[in-house]
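Reviewing the structure listed below.
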Amino acid sequence: MIELEFNDVAANTSSTFDPEIAYVNFKRIHTTGLSYDHIRVLYIKGREIKTSLTKRSEWEVTLNLGGWKVAVFNTNFPGNRNSPVPDDGLTLHRLSGFLARYLLEKILKVSDPEKLIIKSKIINPLAEKNGITWADGEEVYLSFFPGSEMFLGTFKFYPLAIGIYKVQKKEMEPKYLEKTMRQRYMGLEAATWTVSKVNEVQAALTVVSGLGWKKTNVSAAAREFLAKFGINM
């Protein structure tokens, strides 16, 4: 006869994960040999990667992104979603956010020719499908990447503003703001910054609301090609 065992497991009421510490560790361990081409693969194949992970039950999976290999904990598989991830562990979501910050740091300090290389290689499908491009601002464009909400200070509240805008326009359910609303801002807990930083959030929302939002199925590469013929989409 089969035996089914059940135990009462105490709920994890607080998280010890600190994105700032985790990001420093990520840069120290994983960025040697990392190229813009590797990062490009993660983002343009993001949906495909996520879909693949949801179909695999393995808890630890190594992603090979154009030759750059990185191990992630597979929280995308439904049966793994409640499994605790080590504070120094990577998930697809964390990896996306870390690389978004890594790119912003690069853009803010490299030469203009290298900036052009970054912007030519890195495409943000979630921004592009809404008609948002690099021309709308580097912090804004990178804030459309999943995981950027871990760094509300670095990205000037734009990840939150994007979420608020989508909820206001009925494009997203309010429940998807929960993760962002738990984040720190420049060391401040959410209970503090939600009171003291309302003006900053409103300023970010004003910028986001003023973007040329428009749904499009035309890729960034296709738009660039058509622009050569005077066609702007």
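Backbone N, Cα and C atoms are what each Cβ position is placed from, and that goes for glycine too.
Features reported for this protein in Swiss-Prot:
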- 14-15, Asp18, Arg47, Lys50, Thr75, Arg81, Arg94, Ile123, Pro125, Glu128, Lys166, Tyr176, 182-184, Asn217: RNA binding site (BINDING)
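Features as recorded by Swiss-Prot, highlighted on the structure.
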{"residue": "Arg47", "record": "RNA binding site", "DSSP (3 states)": "helix"}
{"residue": "Arg81", "record": "RNA binding site", "DSSP (3 states)": "coil"}
{"residue": "Pro125", "record": "RNA binding site", "DSSP (3 states)": "helix"}
{"residue": "Tyr176", "record": "RNA binding site", "DSSP (3 states)": "helix"}
{"residue": "Arg184", "record": "RNA binding site", "DSSP (3 states)": "coil"}
Mind giving me a neighbour count for Arg47 (RNA binding site)? Other Cβ atoms within 10 Å of its Cβ, every protein chain shown. 11
Least crowded of the binding-site residues Arg81, Arg184, counting other Cβ atoms within 10 Å of each Cβ, is Arg81
